[in-house]
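Each remark here refers to the structure printed beneath this line.
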């Protein structure tokens, strides 16, 4: 069965477009019915980021879950990885994060976690989707069996203690000046406080959410403001989270951006030296730079690639027995600690290496020179541009030109009507020509189908 609602990271779309109160309530009902197993009171924890539409969606989800007899524990603004962690620690049957991650405020989404804090499998999502298009009136709870909802206090402290426990007890961030950019999102309270408790000299930006400014010219997708602040304050490092704090990008003391591939290299090498890698390998996606793969090979570390999406990274980690994986966008999964990407915990692992080595971040976090890589998006309204004959011809030509000297990747986005074209190789001019040729053919095919 094709997926009508769920994309690569839950259900996501424009608030009051795809993501309406009606849909959110139905998601609550459907997910509640799927996860009611056994004759006991069932509970769901719900967190959110700082988007204006979060109130609307939260209220609708509460109506849906309580109408099928599930109790609801409301966490308020919390990072996605905190919701996953609290789902497990609070013995909930289900966890929900209301967020569109790195998107701007106009969008929102619903991410679901199972009782152990993992994102749902494709099969469970299909079960929920099937119920979304059914009339559930006859499956609602009796009046005396309706669920209750209440807000939970103290959850920030629980996440802070969890994050601090991922570092050795004798490791302090004393003497480290850190600029943290919380993207005006879910981590705006909890992460600066955690850094302060660890001893860092903390300078915070992106911590004044107003419902509209989440990810706006800030956070991991726009690290320019962080870069300027790091240089201005003569800081040692900058940390940029996205709106729900499941991804992270760093900035060194010179203001240079450190992406997820470099972070994977830093952590992988450190963990290998300390004997902490569960096996001599990590998991990355097809988007990770070939330079990372070559660096890891040079240190005896295998890199296994998956499709784009942290859920696929985690699946491969679990089936293959790996404890480190991630994406260049900054989704870093450390399965010794978390069941999903955790931007803050990943940043802490890098800070630990910096403190251990006593060297500048620019030296610690520049492990390899990335191969020239170009990524372009082609938007389309209708049709299937990838089936066009001219597009197929351009792709074949590109593969031949890069053969043995690079990679070519073309894939539709899982969250929007966009085709992503990525190429990388030793010769930048060739890479540019290949990408431009394919994008031109895709653009013409998309225009013809519109």
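A Cβ is built for glycine as well, from the same backbone N, Cα and C atoms used for every other residue.
If you look up Swiss-Prot, you'll see 101 marked as active site, phosphoserine intermediate, on the strength of sequence analysis. Residue 101 (active site, phosphoserine intermediate) has a Cβ environment of 31 other Cβ atoms inside 10 Å.
The Mg(2+) binding site annotation in Swiss-Prot covers 101, 242, 244, 246, and the record cites sequence analysis as its basis. Long-range Cβ proximity for residue 246 (Mg(2+) binding site), meaning a same-chain Cβ under 8 A and a gap of 6 or more residues, is found for 79, 80, 81, 101, 310, 331, 340, 341, 342, 343.
As annotated by Swiss-Prot, phosphoserine applies to 101, with the evidence given as sequence analysis.
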Same-chain shell around Mg(2+) excluding 101, 242, 244, 246, C-beta within 8 angstroms of the CB centroid, reads 49, 79, 80, 99, 102, 185, 186, 241, 243, 245, 247, 341, 343
Same-chain residues at least 6 positions away from residue 242 (Mg(2+) binding site) with a Cβ under 8 Å from its Cβ, in sequence order, are 101, 102, 183, 185, 215, 219, 220, 221, 248, 330, 343
